[in-house]
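Participant: Structure in structure tokens, see below.
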Amino acid sequence: MTENQTRRNKLHWLTSFRHGPTLALLAIIALFALLDWQFGSGRFFSPRNARVIVNSAALIAVPALGMTMIIIAGGIDLSAGTALTLSGTALAIAFRDYTIPADQAGAATWIAAALALGLGVGILCGLINGLIISLTEMVPFIVTLGTMTIFLGLGQVIADESTVYPESGHLPDWLRYLCYTGSNSDHYWLGFLHIPSSALIAIVLGLLVAAVMHFTVFGRNVVAIGSNASTARLCGIRVGWTTALVYALAGVFVAVGALLYFANVKNGNPSDGTGKELEIIAAVVLGGGSLSGGRGSVLGTIIGALIIKTISSGCTMLSIPNTYTHIIIGVIIIIAVLIDGLRNGAPKWLFDRLR
Amino acid sequence: MKRFPVSFASLLVIALIVAGCKSSSDNSSASNADNASDGKQLRIAVIPKGTSHEFWRSVHFGAEKAAQEIGNVEIVWRGPVEESDTGSQIEVVKDMITMGVDGIALAPNQKGGLVDAVEESIGEGIPVVIFDSGLDEGPEIVSYVATDNFKGGQMAGDAMAKAIGEKGNVILLRYLAGSESTEQRENGYLDALKKYPDITVVSSDQYAGGNATSAKEKVDQLLQLHGETLSGIFAVCEPNANGTLEAIKNAGMAGKIKFIAFDPSDALIQAMKDGHCHGIVLQDPVQMGYQSVITLVDSLNGKSAEAFQSTGEYLATPENMDEEKYQKLLQPETL
């Protein structure tokens, strides 16, 4: 313990990385604003672009909130992407076959039923993951690798291996404009403040998760399980039960993420989800989440999602080709994890030498 | 818990940026309109379905050609990497609106998914031309510039009838459900074949999927089923046709089964030389990019355009494929 303490003191400057993700985001915004002002259109640092970025970040951040809980609990969910599009496809089918035009009387009931269906599918996906993991005690990575393709397959079965287009007249206006980023005040929830509804949802859910993690016994238990499952068990925490609950809860966020995805693209395509899980996990990791469990923060995750989308938007503004955008994001993820390691005394050889 | 204040403060900053948007974003759309009229350099965004396919590089070539001819026009070329990635394409459209381009030419990935993005663009005062593939009804676009795919399908049907001597069993191999352009071709093909009473369509409900591998598998199965009595196959797009060609060759039926394709590829051109392919319906991607940009600039200068502009469709056969006109369409210039 004391050895650890001196190590910390020697590398005192590293503690400033505690606010790493936030500082990184500000630095990235400043960098792109400067470059864009010099070489680009000068529109990067504009309110409109902020709206576009927070909207696309919300699409990642919402499912990433669930992923944050899972990762804090020491797990991982590779099926988040395909579970999201499975739920989105179910929504699309509901809005194609089982609803009536939104302006007709009684439409609200059908719409509520459709939303409940989407939510149910998401929760069910999470619950399946959680039950398999806690009952069989298999590694979450493998279990969710399996369910990832299962959910993809299920999605393709219900969608008949194609894309599901809902009846556009059946969509209520509030749903249509969830991801609206234009300048018409009528399409925002807060007419005086142009924040995309998707971002508002992400903020509210983020506050909820933060509250749960900080102030409830459940939240504390999740952290305990992620730090050391055996110790947690010895302390009398019902590890299996809590794990299953974490995955089921994450399913809620996947389902809300699916709603946003559906509102954004206005159709359901089950194969859209492949690859999304990596973006979601990247947001958590960029935000300081540790894949070995026990650590992660809600605000960090939201900032992680903002970092990813800020980079991709900035690259577009500067006409940097897509391919380089992918490389830049990859490099930044690795640097973020490296810095995170430095905070915690890794790599060992470097710290041994400094001592 | 200590972490909270700094992160929270930065989120506040971001929120403030977003909050300040109302007034200034209105300014920016107003300045768009100014740019269009005062003869400054125009910036036109051209957004393809994806960036990895040869076809789109020919569209890019055409767009740049138009830009050079008009002068004072800059082409901003940007698209999603994957053609199935609707979410990314919506993001690209929104980014282009943010950049304040003067006009957008878009080949929508999905007819329904892009409607709201296009509406947003028009709402910000940026006119939109749709090319290659249709968009659902709704937004007031300047024009739709594309191949008349229904007519292209009919040409394929007539070519098929000619190749098999107007009688026999034929197959229509579909692409993906929900893809507007290929559905038009499929319908056109079936429509043309109605004229020939001795031709029977033995299979028209099979979807080959998005790549050559899945198409080959499908055709392998179809040949098992109908191979003995089959006279011809029509494949509605390039990946489809490449897979079909492989399957026909594998079954040892190349040349015996008449094969009509839509869109060229090196393998198909070679097959036509070898007598394994009996016709390729061609589009003109260079013209598509060219026409889209011209139409956009015209509309910025106050000229209106036809609601639909066809860029032409052509039939290459083993007889005419060496003519210069068809060579150019078989191997269009790219950028």
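For all residues, glycine too, the Cβ spot is worked out from N, Cα and C.
Grabbed the feature section from TrEMBL, which reads as follows:
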TRANSMEM  A:21-40  transmembrane segment
TRANSMEM  A:52-71  transmembrane segment
TRANSMEM  A:78-95  transmembrane segment
TRANSMEM  A:107-132  transmembrane segment
TRANSMEM  A:139-159  transmembrane segment
TRANSMEM  A:199-218  transmembrane segment
TRANSMEM  A:239-260  transmembrane segment
TRANSMEM  A:280-308  transmembrane segment
TRANSMEM  A:320-339  transmembrane segment
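Can you walk me through where each of these features ends up in the structure?
Facilitator: Panel annotation: around the transmembrane segment (A:52-71), residues 77, 80, 84, 126, 140, 179, 181, 195-196, 198-199, 201-202, 205-206, 209, 213, 222, 226, 246-247, 249-254, 256-257, 260-261, 264, 276, 279-281, 283-284, 287, 289-291, 293, 296-298, 300-302, 304-306, 308-310, 312-313 of the same chain, lying at least six beyond its termini, place a Cβ under 8 Å from a Cβ of the stretch.
Among residues of the same chain six or more beyond the transmembrane segment (A:78-95), those with a C-beta under 8 A of the stretch's C-beta atoms are 63, 66-67, 113-115, 117-119, 121-122, 125-126, 129, 141, 144-145, 147-152, 154-155, 158-159, 164-167, 170-171, 250-251, 254-255, 257-259, 261-262, 267-281.
Through the fold, the transmembrane segment (A:107-132) approaches residues 66, 77, 79, 83-84, 86-88, 90-91, 94-95, 98-101, 138, 140, 143-144, 147, 151, 170, 172, 175, 243-256, 258-259, 262 of its own chain, all at least 6 residues removed from its boundaries and within a Cβ separation under 8 Å.
Residues 70, 75-83, 85-86, 89-90, 92-93, 125, 128-129, 132-133, 268-271, 273-274, 277 of the same chain, all 6+ positions outside the transmembrane segment (A:139-159), place their C-beta atoms under 8 angstroms from a C-beta of that stretch.
Long-range contacts of the transmembrane segment (A:199-218) within the same chain, counting only residues at least 6 positions beyond its ends with a Cβ under 8 Å from a Cβ of the stretch, are 54-55, 57-58, 61-62, 65, 68-69, 72, 178, 189-190, 242, 245, 253, 256, 260, 298-299, 301-302.
Using a Cβ-Cβ cut-off under 8 Å and counting only residues 6 or more beyond its ends in the same chain, the transmembrane segment (A:239-260) has close neighbours at 58-59, 62-67, 69-70, 73, 75, 77, 80, 83-88, 91, 115, 118-127, 129-131, 133-135, 175, 178-179, 198, 201, 205, 218, 221-222, 225, 229, 232-233.
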Participant: In terms of Cβ proximity under 8 Å, which residues at least six beyond the ends of the transmembrane segment (A:320-339) contact it?
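Facilitator: Same-chain contacts beyond the flanks: 17, 20-21, 24, 282, 285-286, 307-308, 311-312.
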Participant: Please indicate, using numbers and ranges, the residues of the same chain that are 6 or more beyond the transmembrane segment (A:280-308) and have a C-beta under 8 Å from a C-beta there.
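Facilitator: 20-22, 24-25, 28, 53-54, 57-58, 60-61, 63-65, 67-68, 71-76, 80-81, 202-203, 206, 209-210, 213, 223, 225-228, 329, 332-333, 336-337, 340.
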